[in-house]
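Shown next, in structure tokens, is the structure this report addresses.
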Amino acid sequence: MKTNRTFTMIKPDAVANGHIGAILDHITKAGFKIVALKYTALSAQKAGEFYAVHSERGFYADLVNFMSSGPIVAAILEKDNAIADFRTLIGATDPTKADAGTIRNLFAKSIEANAVHGSDSDENADIEGSFFFSAFERF
Ligand code: GDP
């Protein structure tokens, strides 16, 4: 299933630091079309559900706490080769290893507070997009 769509969140650190506009600018200038967009927040329960795949990892409790610590921006993005191209645009999970000019290199504070989420597969992009958006909220 190739959808040419990916899902992203601007995480609480980047929202709190005033980077929403700059990050959306990077995303649209890189050729991604915004299909859906929402300013919202995750409860601890919802953050736990979203990151359930990491529930056995040592950092899970911290991650859930961080992701529910403040508002986020959720979005569905469209572009040819969206999953891979967006992962390239955001850079490595650990911002100290992210290439120069990537969103995490520019805006992330730490491996946890790393500014943005990007789906790792078409299947997960679909699941994650549906976690936040109904069919009536996609354009
Ligand atoms: P991603 O696909 O690049 O977001 O990375 P992962 O799917 O491996 O991890 C999901 C999220 O968990 C990351 O974006 C970070 O916010 C957080 N995370 C990953 N590794 C670590 C870690 O070693 N320590 C902490 N505290 N958080 C981590």
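Glycine is no exception: its Cβ is also placed from the backbone N, Cα and C atoms.
Here TrEMBL has K11, F59, R87, T93, R104 binding ATP, and the candidate from N4, N114 in that same listed site is N114. With a cut-off of under 6 Å between the Cβ and any atom of ligand 1, the binding-site residues K11, F59, N114 reduce to F59, N114.
Taking the Cα atom of each, R104 (ATP binding site) and H117 (active site, pros-phosphohistidine intermediate) are about 10 angstrom apart.
Close to H117 (active site, pros-phosphohistidine intermediate) in the fold, though at least 6 residues off in sequence, lie F7, T8, M9, K11, E128, each with a CB less than 8 Å from its CB.
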